[in-house]
Amino acid sequence: MLAGELVQEHLRRDNAPDEIDISCKSSVRNGSVPIGDQYTALTNGSAHLTELDSKALEQEIPPDEKQAMLPGEEKCIETKLYWRRFAVLAVFSFYSLVNAFQWIQYSIITNIFTHFYNVSSDKIDWLSIVYMVAYVPLIFPATWLLDKKGLKLTALMGAGLNCVGAWVKCASVRPDLFGVTMTGQIICSIAQVFILGLPSKIASVWFGPKEVSTACATAVLGNQLGTAIGFLLPPVLVPNTVEDIKLMGHNISVMFYWTAAVSTALFILTVIVMKDRPSLPPSQAQAVLPDCAPEDYSYRQSIINLFKNKPFILLLISYGIMTGSFYSVSTLLNQMIMACYENQELNAGRIGLTLVVAGMVGSIICGLWLDHTKTYKMTTLIVYILSFIGMLVFTFTLDLNSIYLVFFTAGVLGFFMTGYLPLGFEFGVEITYPESEGTSSGLLNAFAQIFGIIFTLIQGRLTTDYNPLAGNLFLCVWIFLGIFLTALIKSELKRNNVNMGMDHRNLQAVPTECPSDKPTNGVKMETSVSFSHETSL
C-alpha cells in the first residue's frame, strides 16, 4: 500500500486529474516483478503497468487506445477493429429484417386475411400481438443464454427459429388452417426473443467507441427495414381478390415460400459468419471488463443491479411507452387508414413504409449524432418531445380526407418515433455499464412488449368501438407522461467515461482470481455511486 500512496502523492504534485484506487496482492505472476512494486493508471483510454521509479513516473502516457496494460502482467493487451465486424452486423441486420417482416405481414392486409381464413380482425391482430406476448416470459432465459453461452449460439437460435417458423407457414395456406399459421407465427415470435436484444451487444463487442452508437443504430435499422418491407410487399404480393379465394391462396403461398427461402439462406450465413467476439477487444471499455469464465458470472445479480438502478428504471418505463406506442400504431395502421379512406389497402402499406423509412433515417442520424456529441439524455428528451408533437399532428390530420397529408404526417411521426429506438438502447448501456448489454437491452424490449400488448388491445378496442381519433389520443396521453419520466433520468455516462479516461474516482482496478481454469485479464470492475455526467456540447 506504501507504493500506491507514493504514486498518488506524485500524481497530486503534478496536478494529475485522474486518481485510481488500486488494491494489490504481494505475489509474482508470469515471472514479473511483485505487484506491490507496480501501479496502474487508467487514463486517456489506456491502462499501463509500470515499475515504480522516478524515470517511469516521468513518462508520458499515450492518449490513444492502441494498447492496455493490465495488473500483474507484462504483456500489453491491444485493442483492434476487425473487418469481420461489418459482416457480423450485416448478417444480423438481414435476419432481423426477415423476422420483422413476418411480424407485420398479416396486419397490413388484415382485411384480406380475415376473408381468407374466415376469422375476425381481432384474431388477425393476435398474429402480431403474439410477438409481444412471447417476448415477456422468454426474455430472461434468452438473456441468460446470451450472457452464459455467448453471441453466436444466441444468434443461431434467432436465425434458426425464424427459418423454421417461415416453413411452417408455408403449410398453412388453406382457409381451414388458421391454427397452423398461428403456430408458425408463434415460432417466429420466439425467434424474435433471441434477436431484439442483440444490437447493443454486437455494437459494444465488435465496434470501437467512435462508432458504437452508429453500429447499434444500424443493427436496429435492419429490424425497421423489415417492418418497412412488411408494409410495402404484402399488399403488392397479395392483392384483394375477394372473388377468387384460390388465387388469393396462391398469392399468399408465394409470399410465404419466398420468405422461407430467404430465411434459410440467412441461417446458413449466420452459421458461417457469426462469432462470439473478436480476438482483441475493440475498445478500452471492453478491455477492462472482467474476463472470468461464464460459469462465474451471476446473471441473477446482474438483474438485481439493474433493478436497483433508478435512472434505468425510469428509462425502462419511458422506453416501454414510446416503443409500445410504435408497435400499436404499426399493428393498427391498416384499420385506421381503412376507417378513414375506403379501398386504400395499397396506400395503407405505403404509408406504413413511409413511417418506417423515415424512422430509419432518424435512427442513423441519431446514431451519428450520439457518436459525435455523447449527449444521450438531451438527444433522447428532444426526440421524445418531437415524437409527441408528431403523434398529435398525425392524430388530428388523419381524417381530413387528404391521403397525401397522411403520408407526410406519418413520415414525421416515424422519423422521431422509430428514430428513438437505438437511442434507448445506447442510453441504457451507458447508465448501466459494466452490466451486460444484452441484459439491459432485453429488459428494455420486455417493457416495450408489455406496453405494446396493452396499448394495442386498448387502442384497437377504442378504434373499433369509436374511431381512430380516440385510440390515437390515448397514445398521446401516455407519450406525454413519458416526456416527464425521461426528464427525470440522471445521466451518468459510465461506459463513455471509461473510454475517455474520466473514471478516475469511480472505477477501481483490483487483482482478482477467477475460480475457473480459463485465463483471465485479472481485472475486477467496482463501480461507485457517482460518475461524470453527460458530456455537453
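Here the Cβ of each residue, glycine as well, is placed from N, Cα and C on the backbone.
Among the features that TrEMBL reports, transmembrane segment is placed at 86-106 (among others).
Residues or ranges marked as domain 'Major facilitator superfamily (MFS) profile' by TrEMBL: 88-494. Mean pLDDT across the domain 'Major facilitator superfamily (MFS) profile' (88-494) comes to 85 in this model.
TrEMBL lists 126-146 (among others) with the feature transmembrane segment.
Residues annotated as transmembrane segment in TrEMBL: 153-171 (among others). Tertiary proximity for the transmembrane segment (153-171) is limited to same-chain residues at least six positions away from its ends with a CB under 8 Å from its CB atoms, namely 92, 95-96, 98-99, 102, 142, 145-146, 177, 180-181, 183-195, 198, 253, 256-257, 259-260, 263-264, 266-267, 270-271, 274, 438.
Taken from TrEMBL, the feature transmembrane segment covers 177-200 (among others).
Tertiary proximity for the transmembrane segment (212-234) is limited to same-chain residues at least six positions away from its ends with a CB under 8 Å from its CB atoms, namely 85, 89, 92-94, 96-105, 108-109, 195-196, 198-200, 202-204, 206, 255, 283, 330, 333, 349-353, 355-357, 359-360, 363-364, 366-368, 370-371, 418, 421-422, 425-426. For 212-234 (among others), the entry in TrEMBL reads transmembrane segment.
A Cβ distance under 8 Å defines the sequence-distant neighbours of the transmembrane segment (254-274), meaning residues of its chain 6+ beyond its ends; these are 84, 87-88, 91-92, 94-95, 98, 101-102, 105, 151-152, 155-156, 159-160, 162-163, 166-167, 169-170, 172-173, 233-234, 237-238. Marked as transmembrane segment by TrEMBL: 254-274 (among others).
The transmembrane segment annotation in TrEMBL covers 312-330 (among others).
Tertiary neighbourhood of the transmembrane segment (350-369): same-chain residues 104, 108, 213-218, 220-221, 224-225, 227-232, 329-330, 333-334, 337, 375, 379, 383, 406-407, 410-423, 426, selected by CB-CB distance under 8 Å and a gap of 6+ residues from either end. According to TrEMBL, the feature transmembrane segment maps to 350-369 (among others).
Feature annotation from TrEMBL assigns transmembrane segment to 381-398 (among others).
Residues or ranges marked as transmembrane segment by TrEMBL: 404-423 (among others).
Feature annotation from TrEMBL assigns transmembrane segment to 443-463 (among others).
Taken from TrEMBL, the feature transmembrane segment applies to 469-489 (among others).
Feature annotation from TrEMBL assigns region 'Disordered' to 509-537.
Annotation comment: TrEMBL describes 527-537 as compositional bias 'Polar residues'.
Where the transmembrane segment (312-330) meets the stretches 86-106, 126-146, 381-398, 443-463, the count of C-beta pairs under 8 angstroms peaks at 443-463. Proximity of distant same-chain residues to the transmembrane segment (469-489), defined by a Cβ-Cβ separation under 8 Å and at least 6 residues beyond the stretch ends, is recorded for 311, 314-315, 317-318, 321-322, 325, 328-329, 332, 336, 377, 380-381, 384-385, 387-388, 391-392, 394-396, 398-399, 427, 431, 451, 455, 458-460, 462-463. Looking at 86-106, 126-146, 404-423, 443-463, the range that has the most CB pairs within less than 8 A of the transmembrane segment (381-398) turns out to be 404-423.
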